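Here is the structure we will look at.
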Amino acid sequence: MDWLPALWFILIAVLWCGYLFLEGFDLGVGMLIGLGRNTEKRKRVLLNTIGPVWDGNEVWLLTAGGATFAAFPHWYASLFSALYIPLTLVLVALIFRAVSIEYRGKAKTARSLKLWDAALGYGSLVAAFGVGAMLALTTLGLPLNENGDRVGGPFAWLTWYAVLGGVAVVAFCWIHALAFVRLKTDGPVRERAGTLFTRWLPLAVLPLVAWVLIVLLENDSAVGWALLAAAALALVVSIATARAGREGVSFIALGLMLATGVAAIFTAVFPVVLPSTLDPAFNLTIYNASSSPYTLKLMSIVAAFGVPLVLAYQSWSYWVFRKRVKEEHIPEAHHPEPIVK
Amino acid sequence: MDALEIARWQFGITTVYHFLMVPLTLGLGMTVAVLQTVWYRTGNEQWLRMTKFWGKLFLINFIMGVATGIVQEFQFGMAWSEYSRYVGDVFGAPLAMEALLAFFVESTFLGLWIFGWKKLPKLVHLATIWCAALASLLSAYFILVANSWMQHPVGAEIIDGKAVMTDAWAVFTNNTALITFPHTLFGAFAVAGGFLLGISWFHLYRRRKEGIDSVDAQGRVVVGEDLSKGKNRDKTDYQVWIKSLRIGAVVAMVSFLGVALTGHEQAKLMFEQQPMKMASAEAACHDGTGFSVLTLGDITTPGSTSCDDIVATFELPGLLSFLANGDFTTEVKGVNTLIPEYQEKYGKYYPEDPNFGPYAGQEINYLPVMEVTYWGFRLMITLGGLSAVTAALALWLTRKGTVPQSKWLSRLALLSIAAPFGANSAGWIFTEMGRQPFTVAPNPQMGGIDQVFMYTAASVSPTVSAGEMLFSLITLTLVYGVLLVVELVLLTRYIRGGIGAAMPELNETPDTKNPDGSGHDKNDDGDVLAFAY
């Protein structure tokens, strides 16, 4: 059963990939609404592109976290406790993001609408940054002692790598959201997203590429380099098709770029799940951080049943809501009149 | 306060808060599914209105449960890393399953339900709310399996100093979980029942006060209507509230019965599995058979453990034995008997181990904070009973079709909303505080020190500082406080808005293509979204 930890390593990489792909555009759309300048109607067009699906997408994060807990308790415990302060901020950001999606339409005054927009925008931004920083650090290392506990105080995690990972995911979410919005809306919103996407795509993925490169330079891996080449190819395809106005293809190609990029990172660091910058002997690997073969086997059976099912009904939900959202689709904002005081 | 104490406060505050939203989500979700089913089968508009109104309140509350739920999953790793390392092999599995098998279904199908009106065929749309509601029950099962394992670890043994799962079947059919699950669900349905009852009472009361409904000489309702407010105050509106009220009252009463029966079974198990928890719930210092109704003495001083000073002033003889064993004579072990037993089995002092931090080598206090367990237990039962009494009273008072025009009684309706929430919180605080000083309580059937159990003192993240914990405690508490106000303001606004608040289409000119606001609309390209954020 030696291959079980490796299988779970792959599965967790897949879960993070799914999270970044699906929630990536949710977080990006949140930033576009909250931090960009748009008319109220256009903001609502943006919001309704993710309206029916964002909550299901967020569960990928919970599943990635839960699967890490179940399959690699030491990875989960060391990473999450080391990043105590930033994860607190991510949690607050995710809370504000979720609540403002549901509640912003219920705001009665311009002032409260502005507050909800700020909560949505900054919530999405901070969540994306924090998740990016966390993923960068789990691939590039934290100062951990022999027990896997963080050494060096509450801000020991704050390195250039963390900033790079944070910026990479923020930029990716933003550009990915533009590709998504271009595909899911019509009218001026679609045009504007198309222009921005085509113009900024090459620049926006640079930090992501830099992160992959640093990981590959630190952990030489032939397969990793090959995957990076594939990512570069996907990027070129995405750029070319974006210019040609092939919205669907460029969106998918960008997604493939993400998938191959994440695969390159995880391939390169394998079998280390969380390196210690103090001593390689303290590294957490798929062998010393994993659960027992019994638990991994149980979880494998559950995943073999559960993951395809999730993919099936989530795809169906995207199919149900496949139509582009237009400004004329958006009903007038409705505010309940108190019929009783 | 040290890091451990702050981490405990944080876990307590965030969990109790999260569990204000959870029972309402569980109970109201099932309620809405049933209401929509009745509408689907009868086509009667009153059921559609009920579906939409209670569905709206359900959603306002649901999102808060989602948002605060993420904190729960993350804080095991963040604040309780040693706990996570020790139990991850067993405890992580139900958490991962909860996300993969329940949360995905819940959130995806709820998205389909919210946005799927008009878009999906009626039956498929009905199925989406059932999927979401049933998935929320499934999620409750998984998280209670995890919690029950902390109360009563089974199916695991210690290998290399960590708990390792050896029997998944035992973990997932833990008798503690199998009884806690229905107990929690009945508790959740009691919350939903009280919620329906209280809010419907308010609307019926207002209808009477505004002179829309009145009563005849026999006290029977004479339903009227006031069409100046659109359809918000028509005759169907009356039907919505009286039916909701009576359904809510019946649900609350049946749930109380369920809570009591399952609670009794649970208590019997707990006397076996965590005798100290039950002894301290009783403030039972000495062995005996009587259930204390009121105990005075030293348990009123904070953190008291000096058991011998307690003077039980009013006891019901035999009742304690009934709770524990179902008879009236078996002696139940008191705290003074149990403490030496625990000390003998698990040690008198915490091990000299760095994971225990400042607690290493200190004497172990096996007695939970008695004032919390004693009063928590009684508060749970009292509030639960109170909500059942209120529900019975409401059923009787509305037997002639509407509520009495009494301001005093309408305050009772508020109580019927609040009491079940309070009972749920009190129950959880009791059972979690009663498990102390353990995060994973030892299973007395399994033997001593070599078995699976874990002290709270050794569970906390070793290098996370008290300052960090304090930062997150203050931040989360403030955020939660603000959001509670927001949620209450929104709920109140939608409650006061009545049916029209949840159904804007009610007071608009009817759509000729889809007069009932549903059904499969194949040519919807030019149409406005049935629902949009």
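From the backbone N, Cα and C atoms, a Cβ is placed for every residue, glycine too.
Since we're looking at a predicted model, the values are computed, not measured.
Residues annotated as transmembrane segment in TrEMBL: A:6-35 (among others).
TrEMBL lists A:83-103 (among others) with the feature transmembrane segment.
Feature annotation from TrEMBL assigns transmembrane segment to A:115-137 (among others).
Residues of the same chain lying 6 or more positions beyond the ends of the transmembrane segment (A:157-179) and with a Cβ under 8 Å from any Cβ of it are 20-21, 24-29, 31-32, 82-83, 86, 124-125, 128-137, 140-142, 150, 193-194, 196-197, 200-201, 204-208, 210-211, 214, 238, 242, 247, 250-251, 254-255, 258. Per TrEMBL, the feature transmembrane segment maps to A:157-179 (among others).
Taken from TrEMBL, the feature transmembrane segment applies to A:200-217 (among others). Residues 136, 139-140, 161, 164-165, 167-169, 171-172, 174-175, 178, 224-225, 228, 231-232, 235, 238-239, 242, 254, 257-258, 261, 264-265, 268-269 of the same chain lie 6 or more positions beyond the ends of the transmembrane segment (A:200-217) yet place their CB under 8 Å from a CB of it.
TrEMBL lists A:223-242 (among others) with the feature transmembrane segment.
Annotated transmembrane segment per TrEMBL: A:249-274 (among others), in sequence order.
If one looks beyond the transmembrane segment (A:294-316) by at least 6 residues along the same chain, the residues whose Cβ comes under 8 Å of a Cβ in the stretch are 1, 4-5, 7-8, 11, 53, 56, 67, 70-71. Positions annotated as transmembrane segment by TrEMBL: A:294-316 (among others).
No contact links the transmembrane segment (A:6-35) to the transmembrane segment (A:223-242), because fewer than 3 Cβ pairs that are 6 or more residues apart lie under 8 A. Non-local neighbours of the transmembrane segment (A:249-274) in the same chain are 5-6, 9-10, 13, 16-17, 20-21, 24, 72, 75, 78-79, 138-139, 141-142, 144, 148, 172, 175-176, 179-180, 182-183, 197, 201, 205, 208-209, 211-212, 215-216, 218-221, 223-225, 227-228, 230-231, 234-235, 237-239, 241-242, 283-287, 289; each lies 6+ residues outside the stretch with a CB under 8 Å from one of its CB atoms.
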